[in-house]
Every structure is written in C-alpha cells, then in structure tokens.
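Here the structure comes first, spelled out in structure tokens, and everything after it is commentary.
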C-alpha cells in the first residue's frame, strides 16, 4: 500500500510472465482494431460528402502500449485521465475490448451523434471524465483538477482518492498555456498528478527540434516537477549490459541512440536493416568499437527490433516505470519515448500524421495479426483467456464489470445549501457594481453551509477587484500554514493575507488560462469528486479574451462557475487602451452554456448573483454566469424590489423610465433608449434633456442582452414567440425608433432593430482605446449623453 497526502491505493502494477504475454496479446488487438476502425470510417462507412473523415492512425499507434498498460493494469476507479486528443480511437477501442462499449457504438466514431473525434466528457458515453482537444487545455486542466481534489480534502475532512493523469503529445507542450500551468502544480504541492509525455519526436508537419527531450525535461524541472524517463526497452537494456559482447559495444549502441539526430532515427525506421547495420558499424569505428562483430548474432530484422525497442512500447518497462512512479512525491512527468505509427508500415515517416493505410497495407497488417476475413471487428471470445484475464484485472482494481461505465458517475453528496434570494446589505446611495459585489461576498461569507463552500479565485487581481473583504473573512488557500509576517512585525495593513489549508481564496499567477481552467475544474467538483463547490472568480474584463480558449473549454465541459469581468469597458481609461474592453459583450452573447449579465445597479447585481448561485446547483440545466461589472459609480435607482422586478432583471431588462401613460404620448415625438450597465447614467441624462424639448425618451435597462438574444433566436428558429422579449417590448411598442447604448461593441445591442422593425441608432465602442479621462473618452467614442441626443435628433427629425 502507498499513502501520500491522503491518497491510499494498492498499486500492484508489476505482473508475472503469463500475465505479460496476455497483456501483449491485448496490446496487439488494440493496435489492429484502432487501425481498422480508422480505415473503416475513412474508406468503408457511407458518407454524405467527400470530405476526409481523418482519425490519426499514426498518432494513435504511438500510445497503444501506454494506454493498454494504464487501462488494463494501472488505473483505479477514482483516477481521471486526460487522453491525448489524437489517441481517442485507442481509448474507445480499449473500452470496447473491456466490454464497456458496444461494437455498433465504436463504429460511430466521428459521425453525428456518435463518438467524438477527441475525448469529450459531455458527448462520449464511455467514461471520459476530462475533455481534451487542441491547445493542450485538457492536459493543463488536470493540474487544476488535482488542486480541486486537494482543496476538498483540506476543507471537508475527507481525502478524495485517485490521481489526475494527462497523456500529452510532445508537440502539445509548445502550447503557451502549458508552461503557464506547470508552476501552479508545485505552488500547491500537488501529490496526485502525473503527466505522461508521448515523445514520438514528430508533430503534424515536422520532426521535433534536436535536443527536444532535454528541453522538455528542463521545462518541467524548472517548475520543480520530478521527471522519470521511459526511454530504453528491455532488449536495449539487456544489450547495454551483455558481458558477452565485444568491449564497449553495449555502451556504443547507447551512445548512438543518445546522439543520433532525430530525423535520422526516424528515417532509418523505414529503411532496410542492412542500412541501419552500416550506420551503426560506421559509428562504432568512430568510437573505436567493433560494432560489426557485436551485431553479427542479429539478423537485419532482429537488429531493427533492438534499435526501435524503446521504452514507450515495452509493456514490461512501462509497468515497471508506473510502479516506481507511485513512490515519487509531488507532480511527476514521465517522458515516454514512443514511435509515431508504431507497428504500422508508416512508422516514423515524415508524412504519416494524416496518412491512412492503403488497402494493400491494411491487408498485410491483417495477415500479420492473423485476423480472418469477416472477423475484423472481433474482440475477445466470451470466457476466453484474454477476456477472463481482463475481467479479473477489472475486479481486482475495483472497477464494475461491464456492461455500464468503467469510471463511476458521481453526484454531489453534500446537501444543497439554502441560497438566499436577497442579502441584507445596505449599499451607498452612489456606488459601483464592483464595490457592491465586494460587499455581497462579505455577506455571503456569513450564510450557513453556503459560505463554507464558496471558493473565490483571481489571477493576481483580488484586491483591485474588491475581494479584500472576503479574503479578510475567509483567508487565502495554501497547501500549508504560512506566517503573516506583516502582522507579526506590527505592520498595519487593511488586507489580512492569512494563508493556510483552511483559506477559501485561491490567488493564481497572472495567467488567464489558468484562471478559467481552475474555475472549470472547481465547477466540476460534484461530478469529479462528489462535493459541491460554488466557484466565483474575478478578472479584469479586458483580459477575458486572453483566457478565451480556456473559458470555452470549461463551458463546453458543462462546468458550473461564476465570474465577474471588472472593471469593464472604458473604465480603466487611465491604464491605456490595452486595459479597455469592448468585444466582451459579444463573447458573452456568443459563448454557449454561459449566461451574460451587465447590471447597472447594486440591487440588480444582488438578484443576479443570488440566482446564479442557486442555478449552479442544477447540474443538468444550470449554466455558468458572466457578470460584466464596473468601478464607475452610479446614483442608485429607486426601484421597488418585488418578485416581478426580480424576474424582469433575470429575464433581461425592465423599463426604468416609462412615458407611455402620458396623455399626449401618441402624438408627441417619442423614442426608446435601450442601455446597459454604466451607460444608464448617460441614457437617463439624455432622457431628461430630451423631455425639456418635448420628446419622450423611454429608458429601458438591458440587464442581459444575452437572455434577450436567446429569445430572439428561438423566434428565428420557428417558435411563435420570443419569450420575455414579447413582454419587454410588446408588439404595440415596436415600430418606434430607438437608440441602443453600451460601453462595448454596438453590435451587442444593435440587433434589437430587427425586433423593433424601426430605425435604430446603435452607439458603442468600435475602436481601440487610449489613456484619457473617462468623460473625454465617452465623448470621443460617441457614447455620452450628447451623442445620445444627437442620435435622437437624427432619428426623429433628420431621417
């Protein structure tokens, strides 16, 4: 038994010779079925178009051995694995051979309603717990999954079991979010984290740069990860140590393997063994070693087997490495040397990434694997040696026997906390949504059950996004208790930065991908660990775009979290244009499974935040929530907080200034002003000025254009009504000119003209910013009250 940081598991990974022979038979069947599956979907399955289906035969083959060892011997039910995207077919074939996936489902790979091209936790039926795709996001997510696991263990008195394991392509490590994420693993002393790097020396188009392995190793070591190399196969290790060989010849082969150019090593895979023999002999002569005599006992085929018997395809070596890994503390990277296209005629070829075996090559492979015609899809015979062995292995490791799912489905075991509809907070008469948000979090810290399960996080902007009050109440999370030197030395500070395992704020480095991946994995805590958390993050709104890939990753995975983008718009005007955001409203509308709100007033934000917390408990239909806030203070509107008003705020908006009951409304000039967020102040000011000229300018406060747009899309897709839009803008109030106003791109509100069937002047920000005072920028970008009045005059009087 091995226990580290509360992780107690039996890792009986080393197996006997008979078991090893059976496992190698399983490995070869996985290779055949994976290759045939991709042949089938590309060449045999009917398709409604002539586009290539794809599927990466070569990239899949490089991980056949490693995944076979993991899923058939090493994994436990509480483990979470992020599979290299291009190896998805191998994973699905293993699920089929283990009995968890029907053959008919296996054949649906990359088809509508079928298995996804890359492992997907929301769409694949066979125990994918961590989605992976391009950009290395799934791999990085394992770090924050392990962080979530540790956080739960430190807070709730029980230690979740299992490991987070990422299978990562070597070229995937070039993705920028990878080095950003690695440091957080050591910062939180994560013990339950393995990354296995598939070092097959090839990316899509090229051979990896020389010395890539040492660069990868240093990349992890620089972030204080432990590194194990799975480099040499058992045949190579035996040759290195063979005392019967001429003096120095074993070391000479090792030296050649270590110094050979990557491109030469790859090229020689597809060349005759005699050419490889000549190359090694010449290298030996340069070293003063008689390699010709050392290699005489091997024929050309055996020589190639020796030279390409690398660790990542040697089941015995893989299992030995995994058994050793269990005893290595801290985050661990295993650098596994593999071959892209292993066991296939395209092995190591420069152009093998998108290659699909020809019919002739497949027929040769079928013969080599002794697969009879008509038996291409066969797994293992029920009750046969291989199936019996696999079921024994599953039972021994605690997995449920098939059918069903290999990995258990979890739900939150903790009772849902009572979420208040309203917080007892008194806000200043003039305040900003960001300041009010900070007050709300302090109030939430006192809510029984809920306060203990809220976790906040930010990418090094906690103080400047008003999380200070929460931090003072709940502390900062760290893997161990750390002294507060400011306090101990008598230095007075408003912020009490107390760090320890009981803290409930996670302060990340300035890396927005990490921020969203951490939110995502915390937001999947019920599904991954059976514990409910309410993750709330804050980020400068201009940098929402910096982490956009990771944000989409989280919402696509159906993670449930809340984040505030603040300050937003032009508000950080003194910080130059790079700190001003104008595209984020479009992102809020466009990202699926994300609700976007932009409240103007504290009372609206309170309604939205309480609702957001409540709907995160709906694990089937709930969505993540994005609140676009500001540091610009507004005089708070006098509104009556009723159930009807709450519903209006949540549904997308309400009439803040309504002149429709005026006696002369029908005959007097009138117009709608639809504004969102801090722009309500400009809209109200323009409405006051317009009234002095005899114009009725209704002001409609758009709290969520996203909610309204969803209703509009339902109407466009054939439904007979637009939902709440029909209440907010009844048909009798359409055909009225309107001005939309947003401290963001005007497209976000401008589409409302389609609903109104009337002229609309959309005001917003369409160009990059610069340092200036806020009123000056409002004027320059034509979003101040004067610009609204100009738009009113143009619409009503000049056409």
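Each residue, glycine too, has its Cβ placed from N, Cα and C.
Remember, predicted model here, so these are calculated numbers, not experimental data.
Residue 170 (Mg(2+) binding site) carries neither a helix nor a strand DSSP state and counts as coil. TrEMBL lists 170, 200, 202 with the feature Mg(2+) binding site.
According to TrEMBL, the feature domain 'Transketolase-like pyrimidine-binding' maps to 431-636.
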Sorted by sequence, non-170, 200, 202 residues with Cβ within 8 Å of centre, Mg(2+): 62, 169, 171, 198, 199, 201, 203, 208, 338, 340
Mean predicted confidence [pLDDT] for the domain 'Transketolase-like pyrimidine-binding' (431-636): 95
C-beta crowding around residue 200 (Mg(2+) binding site), within 10 angstroms: 28
Among 170, 202, the one of these binding-site residues whose Cβ has the fewest neighbouring Cβ atoms within 10 Å: 170
